[in-house]
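Q: So that we are looking at the same thing, I have put the structure below in structure tokens.
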């Protein structure tokens with residue numbers, strides 16, 4: 001181990017001794033051997049089911065809130081204010097916390113093509129795994145929203161199917177910026193919460209990675225629901241758009257792919273090459289071998 005790969009204890013020997021740490025090797029770009037591994041398909045199934053459950057709970061929450069706050073609705077629930085935007089944000093953040101906790105040991109708990117894309121750029125997952133994850137996430141999202149429509153057919157179309165669209169009064173540039181920054185916050189949190197170097201350095205402080213990730217989703221929703229309904233997850237936006245299938249969600253649908261992927265790419269670069277000084281290490285390695 002080189003000096004950059006070892007986490008040393010503080011001067012005087014401190015109460016806590018940090019663990020030795022070595023950067024894991026980068027995932028291969030294309031690993032054909034993965035295709036013969038059951039662990040890959042188990043992980044893909046986990047991503048499919050997790051995204052299905054995520055969309056089922058969150059879109060139901062959105063539609064329920066819109067019904068409860070509909071001034072034209074009748075019935076006992078019409079007088080109730082519903083969960084509110086705060087409750088919707090909690091539904092998204094809480095479900096991410098729960099599902100990442102459940103699937104982290106199987107698939108890594110991505111549940112979002114933007115997260116998968118960011119981790120692929122950082123060479124945390126192979127291209128084969130990344131593509132299969134993204135397909136599974138998109139199919140899971142479509143199936144999850146399909147279940148919502150099956151159970152809430154009376155309200156699904158009436159209240160927009162939980163689909164993302166740019167709110168009136170905002171430009172496409174504003175919506176795109178909101179999606180880029182929101183996804184940057186999420187993916188940056190994912191990198192920070194799952195950084196093995198940090199876990200070694202702060203081994204005396206247990207870090208439950210799903211908690212900050214869920215809180216990041218919660219906070220971003222609070223900020224951007226009024227602008228785009230908050231995408232930051234292309235599978236979430238695609239699933240609702242496919243099942244709702246009206247013009248408005250499709251008009252600006254590209255925002256909910258381009259924004260998250262750009263935000264994820266920036267977060268991956270920032271964490272790997274600025275905070276983790278990957279570029280400096282690579283340059284040093286090049287010079288030492290010259």
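Cβ atoms are placed via backbone N, Cα and C, with glycine included.
No curator has checked TrEMBL annotations; they are predicted automatically.
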Q: Looking at 21-43, 205-227, which one is transmembrane segment according to TrEMBL?
A: 205-227
Q: Could you tell me whether the transmembrane segment (254-275) and the transmembrane segment (175-193) have 3+ CB pairs under 8 A, leaving out pairs under 6 positions apart?
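A: Yes; at least 3 Cβ pairs under 8 Å.
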Q: For the transmembrane segment (85-109), what are the same-chain contacts with Cβ under 8 Å, counting residues 6+ beyond its ends?
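A: Beyond its ends, the transmembrane segment (85-109) has Cβ neighbours at 42-44, 46-47, 50, 53-54, 57-58, 61-62, 65, 119, 124-125, 133, 208-211, 213-219, 221-222, 225-226, 230.
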